[in-house]
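Novice: Residues or ranges marked as domain 'UBC core' in Swiss-Prot (evidence: sequence analysis): 5-151. Swiss-Prot lists Cys89 with the feature active site, glycyl thioester intermediate.
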Amino acid sequence: MANSNLPRRIIKETQRLLSEPAPGISASPSEDNMRYFNVMILGPTQSPYEGGVFKLELFLPEEYPMAAPKVRFLTKIYHPNIDKLGRICLDILKDKWSPALQIRTVLLSIQALLSAPNPDDPLSENIAKHWKSNEAEAVDTAKEWTRLYASGA
């Protein structure tokens with residue numbers, strides 16, 4: 001982790017992510033940019049995403065921790081709070097961000113969002129409508145997309 005212009009906080013958080021990974025989550029910094037992380041989240045058990053391996057990218061802006069990390073899914077996913085570009089609707093990535101939060105908290109919150117989709121605060125209107133009108137069918141579609149796009153690393 002040789003990047004002397006990185007704030008101590010980012011170095012500490014990165015060391016903790018590597019030495020104490022959260023269950024079902026791996027996050028490793030890019031070799032050429034220590035503010036850019038390659039993330040993998042395993043689909044939570046008993047969710048439509050179970051068995052899936054979801055790739056995400058996380059970037060810490062210059063203003064971090066005063067500004068939230070930028071995170072998006074690289075793996076295609078059928079979820080009311082994630083759009084087709086992989087952007088995530090999560091309050092702590094927007095107006096509820098606090099400098100007290102850490103990268104680890106953000107990743108755990110995204111993992112929790114996979115367990116509990118919220119069609120009442122959607123980023124993808126069509127998927128949210130599908131989820132509200134026929135949840136069982138929407139869950140089946142989410143399982144199918146997980147099988148098609150998120151199986152294997």
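Please read every residue number as a count from 1 along the shown chain.
Positions of Cβ are set from backbone N, Cα and C atoms, glycine also.
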Novice: For a quick check of packing: other C-beta atoms within 10 Å of the C-beta of Cys89 (active site, glycyl thioester intermediate), how many?
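Specialist: Excluding its own Cβ, Cys89 (active site, glycyl thioester intermediate) sees 18 Cβ atoms within 10 Å.
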Novice: Mind checking how the domain 'UBC core' (5-151) divides into helix, strand and coil residues in DSSP?
Specialist: 52 helix, 27 strand, 68 coil
